[in-house]
Amino acid sequence: MPSETAQAGEGPAGCPHLSGAQGSDRSLDQRPPGNKDAPERVWIRPDVPSRCTWELGRPVADSPHQHAALAKSPKILPDILQKIGDTPMVRINKIGKNFGLKCELLAKCEFFNAGGSVKDRISLRMIEDAERAGTLRPGDTIIEPTSGNTGIGLALAAAVKGYRCIIVMPEKMSLEKVDVLRALGAEIVRTPTNARFDSPESHVGVAWRLKQEIPNSHILDQYRNASNPLAHYDTTAEEILQQCDGKLDMLVASAGTGGTITGIARKLKEKCPGCQIIGVDPEGSILAEPEELNQTEVTAYEVEGIGYDFIPTVLDRTVVDRWFKSTDKEAFAFARMLIAQEGLLCGGSAGSAVAVAVKAAQELQEGQRCVVILPDSVRNYMSKFLSDRWMLQKGFLEEEELSVKRPWWWHLRVQELSLSVPLTVLPGVTCSDTIDILRGKGFDQAPVVDETGEILGMVTLGNMLSSLLAGKVQPSDQVCKVLYKQFKQIRLTDTLGALSHILEMDHFALVVHEQIQYGGDEQPSKRQTVFGVVTAMDLLHFVASRGQDQQ
């Protein structure tokens with residue numbers, strides 16, 4: 001995969017995508033937007049324009065990168081890193097038939113990699129390329145902003161090779177990923193899920209700050225590192241071609257950093273030019289083309305490892321023939337289907353890919369073949385989409401789909417509860433005063449609203465006290481600095497059963513009421529106001545007091 005010759009002082013593995021932090025001004029965003037007085041911030045954006053010079057038809061001999069041929073594995077592997085790659089291709093039998101496909105539907109099962117995901121390939125490739133370039137040396141520290149799977153791959157390789165590993169990941173990522181990372185010896189830093197990628201508080205921003213503070217540390221940077229798509233160009237794509245004897249008519253892959261679909265697609269365009277490349281992007285992400293596909297009211301999504309709010313440098317959208325958007329609901333439904341009907345223990349993003357595959361492959365005929373990439377394992381999501389409770393709480397599963405006998409109160413509405421007048425706090429109130437107010441009123445939490453009543457977030461005693469003790473805030477700081485935004489909302493018309501599912505995982509739920517607001521000639525807008533805060537104790541009190549009347 002040809003690329004410009006690396007320049008002196010460039011990033012890991014001599015990658016032409018990576019101009020060093022002291023290099024091109026185009027890669028530097030030294031101060032947060034609109035704040036010229038802020039301290040200088042040194043980082044490299046994950047969406048800088050690509051400098052890769054790969055062209056269809058250009059000889060691989062012109063490439064500055066090292067390309068190794070696929071090798072047969074020995075009977076006894078020298079270490080677990082040799083079990084990365086050579087993943088099986090499995091025929092999907094029932095799902096394709098049930099959705100009326102005429103073509104053959106095959107799954108490339110990347111969860112058979114040593115660390116459980118397709119990201120093991122790029123993790124090992126980035127490290128080995130950096131070692132060959134002399135960038136990464138014994139005793140150095142690897143830092144990486146990641147949704148979890150790349151982190152697991154890097155932590156696995158770091159454990160075997162002896163590097164210190166620090167993984168920076170958003171809060172929405174599953175606890176299972178965190179537990180696996182800790183078991184592998186990685187240090188973990190969590191960042192707010194809703195932080196924009198270019199914010200200093202994002203997983204990207206925090207990783208670059210740590211790099212400035214820790215000597216001999218490196219961000220291999222999957223978003224810009226040419227080793228990312230190269231891993232798939234040299235191995236994943238070659239395996240697919242060998243397993244299919246060079247015959248495939250469509251490839252479907254979801255996109256996160258874009259390295260998987262870019263690397264595979266470039267090789268297939270060279271060796272199997274008639275193969276259609278189908279990209280999968282979740283609703284709420286902006287990777288798909290044309291841009292109209294990305295227009296949605298969805299601002300967040302639960303499926304992990306795919307989609308972004310920026311276009312990563314390594315994503316080459318010119319090699320994708322068509323994009324499809326996927327929803328959380330269909331992603332998790334298809335992931336469960338793959339497990340239940342095909343015995344494939346895959347993750348949610350695999351469900352996204354297969355949901356799109358059964359749509360895109362409708363045009364294929366008998367004798368044609370569609371290959372879909374299943375990126376990771378269900379291991380990382382045992383407490384998420386594998387759980388009926390989680391699926392019900394998120395609205396991805398209906399009560400009617402579960403044949404379980406429910407208690408007498410299950411279908412009653414939240415409005416049946418005796419909710420007290422809500423206590424709210426303005427964002428300018430200090431942490432010290434807020435603690436006094438909550439303790440004085442006997443509350444553990446309160447909504448933070450602005451002057452118009454719009455909900456900004458929640459503040460909890462536990463969150464405030466831990467932030468104060470950790471030195472993140474001072475007692476005199478405004479409470480808006482410790483807003484808690486990972487809370488659940490429920491409406492008065494929702495059932496107590498739905499509330500029960502929330503309270504099994506959370507200490508409270510915010511009861512909200514929707515209003516339609518008109519502002520003169522402007523279009524009406526929906527806004528939410530606080531009706532109350534409900535806790536498990538409120539529900540238990542209601543059940544106990546009304547239960548006697550039911551007997």
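Cβ atoms here come from the backbone N, Cα and C positions, even for glycine.
Keep in mind the model is a prediction, meaning the values are calculated, not measured.
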For the pyridoxal 5'-phosphate site that Swiss-Prot lists with Gly256, Thr257, Gly258, Gly259, Thr260, Ser349, give the additional residue from the candidates Asn113, Asn149, Asn194, Asn463.
Asn149
So how many of the residues in the domain 'CBS' (418-476) end up helix, strand or coil by DSSP?
20 helix, 13 strand, 26 coil
For Lys211 (SUMO cross-link), what is the secondary structure by DSSP, using just helix, strand and coil?
helix
Hey, does DSSP put Gly258 (pyridoxal 5'-phosphate binding site) in a helix, a strand, or just coil?
coil
Distance [Cα-Cα, Å, rounded] between Lys211 (SUMO cross-link) and Thr257 (pyridoxal 5'-phosphate binding site):
21
Return the maximum Cα to Cα distance in Å (whole number) over the record's pyridoxal 5'-phosphate-binding residues: Asn149, Gly256, Thr257, Gly258, Gly259, Thr260, Ser349.
15
Residue with minimal Cβ packing [other Cβ atoms within 10 Å] among the recorded positions Ser199, Thr260:
Ser199
